[in-house]
Amino acid sequence: MQFEVIAKCHTTKARVSRMTLAHGVTMLPTFMPVATQAAIKGLTPEQVESLGVTLILNNTYHLNLRPGLKVLNEAGGAHKFQGWHRNLLTDSGGFQLVSLSKFTTITEEGALFASPFTGEPTMLTPEESISIQHTIGADIIMQLDDVVSSLTTGPRVGEAMERSVRWLDRCITQHERSGKKDTQNLFAIVQGGLDPELRDRCLEEMIKRRDGVAGYAIGGLSGGEEKDTFWRVIKQCTDKLPEERPRYSMGIGFAEDLVVCVALGVDMADCVFPTRTARFGVALTHKGPLNLKLSKHSKDLRPIDESCPCPTCTDGTSRAILHHNVTHETAAAHAITLHNIVFQAQVMGRGRAAIVEGAFPDYLRTFFANYFGDVGYPEWCVNALRSVGVDLLENTDAKIIPGSGAKWEYSNAAGN
Amino acid sequence: MSSLPVTSGLHFSLLTPPSARFGPRLGTVVFKRPGCTTDQPFVTIPTPGLLTATSRGVVPHLSRDHHRKTQAIKWVHIPFETFLEHNPPVPTLQTGKTPLHTFLGFNPGQHLLSMSARDLYDGREMPPNGKDHVSVYSLRGVRKLSPAQWRSYVYSVKPDIVMALSDTPFTDPPYSQKRLTKSIERSFAWLLNVLCSLSEPEKSTLLKEEPHYKPTVLVHMSGMTSIPARRAFADSLLEPLFGPEAEQVKHIKYLDEGVSGYSFDLVPLRLSLDAAEKKSIDAMSPPSSLPSPAETPDPTTTALDVEASLSQLNLDSTIPPHIEQILPLLKTSLERLPTTKPRIVNSTQTPHETLRLISSVGIDLFDAHWAQRASDIGVSLDFVFPAPQGEGRKDLGHNLYHDKYTYDFSPLASSFRGAIDTEFTKPICQCLACSPSVPPTRLYHGVDEESYSGEPVMPLSSTPRYKPSFTRAYLHHLLHTHEMSAHSLLVMHNISILDAFFSSIRKLLSEKPESWDAEVKRFIEAYDEDMVVLDEARVSWKEVELARGKGRLAREKAKQDEGTLGTAVELE
Ligand SMILES: [Zn+2]
Ligand SMILES: [Zn+2]
C-alpha cells in the first residue's frame with residue numbers, strides 16, 4: 001500500500017490522502033458501500049463503478065459460508081468471482097461470528113462456534129481468519145479481534161482488548177509468512193470499549209506494531225453507546241494513531257457521523273445503512289432523509305434531489321414513481337440504492353474538496369445548516385466539532401437536540 | 001426496407017407478401033411520433049419479435065440504465081391498472097409530449113410504449129365487468145374503470161399504442177352464450193369510444209402540449225372460446241357504421257379502419273378452455289387448478305380483501321396450454337380481417353407455442369413475460385433456433401439454484417458466448433450478464449479526479465471495453481444468498497436470449513423459408529416443452545425463500561408478496 005496525506009484541514013484534524021492498492025487508487029476520506037455477499041444489493045459491479053466508488057467491503061463470515069473458499073479459490077478470488085475490478089476490503093469474520101452465531105465462545109486459541117452446516121464445534125483462529133482473507137484476496141484485510149459489545153462493562157472489556165493485541169501478533173505473523181504482503185494489507189483493530197485507559201493501552205500496544213500493519217481500524221463502537229461517548233473514543237484514537245496510516249471507523253454510515261468522524265481525522269467508514277434504508281424507501285439527501293413510502297410523495301413529480309448527479313436523479317425519476325413502487329418492485333430499491341451510494345460519496349467528496357481548498361470548517365457549517373437546519377443540531381456533533389475548533393453555532397440560531405440527535409423519518413423503519 | 005412513413009403512428013409492412021392469410025410472415029413495425037425528427041429516430045421493430053412486460057410500470061428488476069442498455073427491449077407494454085390506486089392516476093399529472101415515457105423513464109427514441117387497462121397475465125377471478133365499466137385490480141382493491149375514464153387517461157399520458165378496453169370476463173368460466181353476446185357488444189362499444197375524436201374542450205385540456213397526439217389503437221379480439229362469438233366480433237369491425245355511432249367517428253367508415261393491429265390474450269382463453277374441459281370430465285368437481293381469490297367476490301363491492309385474495313394467488317401455476325384448441329380460435333378472428341395489420345399474442349408460455357402460433361396463424365409479436373418470469377425463479381435461458389443437430393432432448397435453460405452450478409464458471413448459456421470470449425462459432429449474447437463492459441464514464445465527487453489520484457484518464461473510446469461474463473457459479477451464489485442482483489442479470493439475459501430466438505426465426509424465414517416446417521418440428525422435439533426446468537427452479541426458489549423467511553420480518557414479507565410479480569425486495 002502507498003499512503004500519502006496530500007492535504008490537511010487548517011483547523012480540524014481532517015485530511016485528504018491518496019491510498020494506492022493493488023486495484024487502483026482510492027482517495028480518502030471515503031465511504032465504503034457494503035457488498036456483504038459479494039454484491040451491492042441489486043446492482044451490478046459496473047453500475048457501482050460508474051457511481052465513482054473505488055472501494056467496497058465484503059464480509060468474510062458470509063463468503064466463507066457461501067460460496068465457500070473452494071469456489072473462491074477456483075474463481076481466482078473474490079474480485080474475479082464478483083466481477084469487481086477496484087479495491088476491496090474484508091472484515092475478519094469475528095464480528096459476524098459473535099453477532100450471528102449464538103454459541104460462540106472465545107478462547108485464547110480463537111473463536112469457538114457451532115458450524116452452521118454441521119453443528120460441529122469449529123474454531124476460527126486469528127491465523128485462519130487471515131488465511132481465509134488471503135483466499136478471498138481483498139486489498140485490505142482485518143485482524144481477528146476479540147469483539148465485545150460496546151455496552152459491555154467490567155473485566156471482560158480489558159480481557160478482550162489484551163487478547164485483541166495478542167491476536168494481532170498472530171495475524172501479523174500469519175500475514176508475514178503468507179507472501180501476500182505485496183497485494184494485501186493488514187489492518188489492526190483498536191479495542192478497549194468505552195474505557196479511555198483501556199483504549200490508551202490498546203493504542204500504545206498496537207502502535208508499537210505499526211511496522212506490521214498498513215492501517216488501523218477503530219472497533220468496538222456503533223453498538224448502541226451514547227453518541228457523546230462515541231466521538232470521544234474516536235477522537236482519543238485519532239489523536240494517538242500515527243499520521244502515516246489510514247484510519248478506519250467501522251460501522252459508521254449516517255451522514256452526520258461521517259462528517260464528524262472526518263473532522264476528527266477518520267479516513268474510511270463503512271455501513272449497510274445507506275443500501276439497507278434504500279430498500280425501505282428512504283432516500284438520503286443533503287436536506288435530510290426522505291421516506292418515499294409516505295403518501296405525501298405520491299404525486300410529487302420532482303426527483304429525489306434536482307442537483308444530484310446520480311443516475312436516478314439525472315434521469316428525472318420522480319418521487320411519485322418511486323413511491324408507487326417502493327417495497328413492491330426491486331427496481332425501486334435499485335433506483336434509491338444508486339442514489340444513496342452517490343449521496344454518501346458526495347458527502348465525503350465535498351469534504352475532500354473542502355479540505356483541499358482550506359474550507360472544511362465552512363463545509364461543516366453548511367452541511368449542518370442544510371441537513372439539520374429545520375430540526376436542530378445534534379448536541380454531540382456540536383460538542384465533537386468544538387473539540388477540533390469548529391463552532392457550529394457561530395452565526396446561527398439553530399436549535400440543539402440533546403442525545404443522539406434528530407429522529408428522521410427513517411428512524412423506526414430502518415435504524416441501522 | 002419500407003420507406004420512411006410520413007404520417008405519425010404505427011406503420012406495419014410485410015416484407016414478404018404472405019402467400020396465404022395464415023402462416024409465417026416477416027414484417028417491420030415502424031413507429032413515428034408527431035413531429036418526429038432525426039434526433040428522435042423512428043422506433044423500428046422487425047417481426048416476428050417480442051414485447052417486454054412490466055409490473056407497476058417497470059421492467060421487473062431493471063434499473064433505468066439497465067432497461068436502456070438491453071437492446072432487446074424496444075416495445076414495452078404497460079398495464080395501467082396499478083396506477084388507479086390514486087385518483088387522478090399519478091401518470092396523468094405528468095406533462096410534456098410523451099408523459100408516459102417521461103414518468104416511467106423510457107426513451108422515446110428507443111422504446112415503443114403500449115398500454116392496456118389490465119395486467120394481461122393476471123387470470124385471477126374478478127368481479128364482473130358492467131355495462132359501462134371494466135373491473136380492474138389495484139393494491140387498494142378492485143376498481144371500476146369506465147370507457148370515458150380510460151379514454152381520458154390515454155389522452156393524458158399519451159402512450160404510443162393503446163389497447164381498447166375489452167369486456168373479457170374473469171368470473172367463473174366457462175361462459176354462456178348470453179354472456180358472450182354481451183361481451184362482444186361491450187367490446188365493440190368501448191373500441192368505438194376510444195376511437196372517437198376529442199371534443200374541442202377535451203382537446204384544449206388533454207392536448208395542450210401535443211396537439212397532434214392520436215393513440216394508435218389495438219383491439220383485443222373478443223368472443224372467448226366460442227367460434228361464432230369470435231366471428232361475430234371480427235365481423236362487427238368490418239360493418240359500416242351508421243346513425244349515432246357513425247356520428248361519433250366521422251373519420252372512419254367502419255371500426256377496423258381505426259384499428260392498427262389485433263391482439264390476443266391467451267390467459268382468459270386457457271382458463272375458459274380448462275374450465276370447460278374439467279366440467280365435461282367431471283361435472284361435480286370444481287375447477288381446481290385455476291388461480292382464485294379466497295372468496296367469491298360480491299359484485300357490488302368495489303374493494304376486495306386484497307390481502308386475502310393475494311395470499312391465495314399463485315401466479316406460478318401453469319395453466320394447461322390448450323394451444324391446439326387456441327389456434328383455430330385465433331384463426332377464426334382473423335379469417336376476414338385485413339392481413340396487413342400486426343397480430344400480437346400475449347402470455348405464451350413456451351417458445352414451442354410461439355413457433356406454432358407463427359406457423360399456423362402468422363402471429364407477428366409475442367410478449368416476453370414467460371422469459372422474464374423465468375428470471376424471477378433463477379432460470380437462465382439457453383436455447384437456439386434452429387435447434388442444434390444431433391443432441392438429445394434439452395432443457396430450455398438452467399435452474400441455477402441447482403448445486404451442479406456451484407463450480408460452474410461458464411457463462412449463463414452454453415449456446416452463446418460473451419463478447420470477450422473466443423469461441424467464435426457461438427453467437428454473442430449482448431446482455432450485460434454475458435457481455436459486461438467497463439463503464440465508459442464515472443462520477444467524480446471531489447478530489448477523486450485523475451489529477452489527484454494519478455490514475456490514467458479513461459480513454460474516450462467508442463468501442464466498449466468488455467469484461468468477462470458473469471458465471472453460473474456467481475449467479476448460483478447470488479440466488480442462494482437471496483441477492484437481488486441475480487434477478488437483474490437474469491432478466492437482461494433472458495430477454496436477450498428470447499430476442500435472439502426471434503432474430504433466428506426471421507433469418508430462417510428470409511433465407512430458407514422452405515425449411516421452416518422441418519425446423520419447427522425439430523425444435524419442438526429437441527427442447528423439453530414441459531419446461532421441467534422451470535418447475536424445478538420454482539421448487540428451489542420456494543425452498544430458499546422459506547429458509548430465509550424464518551428469520552425475517554414476516555409482516556414486511558407478506559406485504560411485499562402482494563404487489564410484486566418478481567421476487568420481493570430484500571428487507572432483512
Ligand atoms: Zn440522486
Ligand atoms: Zn446473456
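Cβ coordinates come from backbone N, Cα and C, glycine included.
As annotated by TrEMBL, active site, proton acceptor applies to A:ASP91. Sequence-distant neighbours of A:ASP91 (active site, proton acceptor) (same chain, 6+ apart, CB under 8 A from its CB) are A:LEU57, A:ASN59, A:THR60, A:TYR61, A:MET142, A:MET250.
According to DSSP, A:ASP270 (active site, nucleophile) sits within a strand segment. Cβ contacts within 10 Å of A:ASP270 (active site, nucleophile), excluding its own Cβ and spanning all protein chains shown: 23. Residues annotated as active site, nucleophile in TrEMBL: A:ASP270.
Within the same chain, residues at least six positions away from A:GLY94 (substrate binding site) with a Cβ under 8 Å of its Cβ are A:ALA111, A:LEU124, A:SER129, A:LEU144, A:ASP145, A:ASP146, A:VAL147. Per TrEMBL, substrate binding site is recorded for A:ASP91, A:SER92, A:GLY93, A:GLY94, A:PHE95, A:ASP145, A:GLN191, A:GLY220.
Residues or ranges marked as Zn(2+) binding site by TrEMBL: A:CYS308, A:CYS310, A:CYS313, A:HIS339. According to its DSSP assignment, A:HIS339 (Zn(2+) binding site) is helical.
Look at TrEMBL and you will find A:12-371 tagged as domain 'tRNA-guanine(15) transglycosylase-like'.
Each residue in the region 'RNA binding' (A:251-257) gets a DSSP state, and the totals come to 3 helix, 0 strand, 4 coil. Annotation comment: TrEMBL describes A:251-257 (among others) as region 'RNA binding'.
Feature annotation from TrEMBL assigns region 'RNA binding' to A:275-279 (among others).
Taking Cα separation as the measure, A:GLY220 (substrate binding site) is nearest to A:ASP270 of the recorded positions A:ASP270, A:CYS313, A:HIS339. Selection of the recorded positions A:ASP91, A:GLY94, A:ASP145, A:GLN191, A:ASP270, A:CYS308 by a Cβ distance under 6 Å from ligand 1 yields, in sequence order, A:CYS308.
A count of other CB atoms within 10 A of each Cβ picks out A:CYS313 as the most crowded of the binding-site residues A:CYS308, A:CYS313. The binding-site residues shown are A:CYS308, A:CYS310, A:CYS313, A:HIS339; of these, the one with its CA atom nearest the CA of A:GLY93 (substrate binding site) is A:HIS339. Taking each Cβ in turn and tallying the other Cβ atoms within 10 Å, the top scorer among the binding-site residues A:GLY93, A:GLY220 is A:GLY220.
With respect to A:ASP270 (active site, nucleophile), the closest of these binding-site residues in Cα terms is A:PHE95, chosen from A:PHE95, A:CYS313, A:HIS339. The Zn(2+) site is defined by A:CYS308, A:CYS310, A:CYS313, A:HIS339, and by the 8 Å test on Cβ atoms against their centroid, the other residues of the chain that qualify are A:PRO303, A:ILE304, A:ASP305, A:PRO309, A:PRO311, A:THR312, A:THR314, A:LEU338, A:VAL342, A:PHE343. Every protein chain considered, the tally of other Cβ atoms within 10 Å of the Cβ of A:ASP145 (substrate binding site) stands at 29. The substrate-binding residues named in the record, A:ASP91, A:SER92, A:GLY93, A:GLY94, A:PHE95, A:ASP145, A:GLN191, A:GLY220, extend over a maximum Cα to Cα distance of 16 Å.
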